[in-house]
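**Student:** The following feature annotations were taken from TrEMBL:
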ACT_SITE  Ser149  active site, charge relay system
ACT_SITE  Asp226  active site, charge relay system
ACT_SITE  His260  active site, charge relay system
Amino acid sequence: MALAQVSSNKCSGGYQKVFEHDSTELKCKMKVAVYLPPKAENEKCPVFYWLSGLTCTEQNFITKAGSQQAASEHGIIIVAPDTSPRGCNIEGEDESWDFGTGAGFYVNATQEPWKTNYCMYTYVTEELPRLINANFPTDPEKMSISGHSMGGHGALICALKNPGKYKAVSAFAPICNPIQCAWGQKAFSGYLGEDKKTWEAYDATVLAASYSGPQLDILIDQGRDDQFLSASQLLPDNLIAACSEKKIPVVFRLQPGYDHSYFFIYSFITDHIKHHAKFLNA
């Protein structure tokens, strides 16, 4: 599981690095961004995994979100993978922005021609932590997960499907109920097939309704002026209802004036890292 360094930049006292590796799950080369805080020079650190949204690569979060300062202060390693396999030469992979390349949806595809490469769920929950723990000074028991939009969906399902694995979870404008929205229906029918029962395994609202495990404290920020909120792509109310039924604590903050962009993420990322630090550094 060799990692080749692509770039390294000093940032907030630590280093923002990007690596490339051959993924066994995705059967292609993958890039992953890793922020190492100053603390990592001589101590083990917890790891915060960030999952980006549609069309993103590992670059968007590290260049736009401004997460490094808070990660530096709290002694947290941040790992931000790409959003899909790349260059697999699958017919149709580059035809639309919300399916295929840049739109892996953090599921394990079961349908041809996607199932060989599009196993982002296992990549994020198993292969990537193994790789990171083998190559960096991590505390393998202390990991958390967050993300934006499609990545917020990814973070929520990873936490809900693996009780106790992640010490904290948060999301920005997540796709909360993909089986009920156009983005989710398009992706799930393509990756998982037409049997909608199989879709439920990757829907945060459905998973929350049947969650049983250690308490999970969820933080969600949502811009009130987000065009995808008004287009019914995100459906946070459905997730909040399911969580409240199961007594899963959710802090949901509707932020007036904010949209779906990285300007919104930049504005509240420090709150999210503090939320994670509370559980990771406990």
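Each Cβ is built from the backbone N, Cα and C atoms, and glycine gets one as well.
TrEMBL entries are annotated by machine, without manual review.
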**Student:** What residue among the active-site residues Ser149, Asp226, His260 has the most other CB atoms lying within 10 A of its CB?
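**Tutor:** Output for this query is Ser149.
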**Student:** Cα-Cα separation of Asp226 (active site, charge relay system) and Ser149 (active site, charge relay system), in Å?
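**Tutor:** Their Cα atoms are separated by 11 Å.
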**Student:** Expressed to the nearest Å, what is the distance separating Ser149 (active site, charge relay system) and His260 (active site, charge relay system) at their Cα atoms?
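**Tutor:** Their Cα atoms are separated by 8 Å.
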